Amino acid sequence: MQRIMLRAKLHRVTVTEADLHYEGSCGIDEDLLDAAGMREFERIELYNVTNGERFDTYIIKAARGSGAISLNGAAARRAQVGDLLIICTYGPMSEEQSATHKPQVVLVDDANRVKEIRKFPA
C-alpha cells in the first residue's frame, strides 16, 4: 500500500506579488526551493493563514535571493500581497518509507529568507 505523505513545507512565507493576468502558477525564490527540496513545475498545496483559503497550483522559479512568493493567474484571487502562506508538497511512499519519513520544514524571516531548516517533527 502507498500512503501520500507530507514531503516538504515552506512555513509562513509572505506573498510578495499577485498577478491575475499571468498564465498561472506560484513563483518561489530558488533559495527557498533548494532549502525545501521542491522543484519547478511540482504540484503544491497552499494554505492561506491570513484568510483560510486552501488551493493548489504548481511551482515556477523566482529569482534566487529575491524572497519572492508570487501568485499568478487564478491563484492571485486566493491571496493578497502581505498574506501569510504555508506551501506544501506531498508524495507517495511505501509503508516502510512512511514509517520513518520526516518532512523537510523551512522556516523563514519577514523577508522570506531561510531562517531554519529542520525535519518535522523536531
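A Cβ is built for glycine as well, from the same backbone N, Cα and C atoms used for every other residue.
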Substrate site partner of Gly73, Ala74, Ala75 (as recorded in Swiss-Prot), chosen from Thr57, Thr89:
Thr57
Considering each pair of residues in Thr57, Gly73, Ala74, Ala75, all listed as binding substrate, report the largest CA to CA distance in Å, no decimals.
10
In three-state terms from DSSP, label Ser25 (pyruvic acid (Ser)) for me.
strand
Between Ser25 (pyruvic acid (Ser)) and Tyr58 (active site, proton donor), what C-alpha distance do you get in Å?
5
Would you find the one among the binding-site residues Ala74, Ala75 whose Cβ has the most company, meaning other Cβ atoms within 10 Å?
Ala75
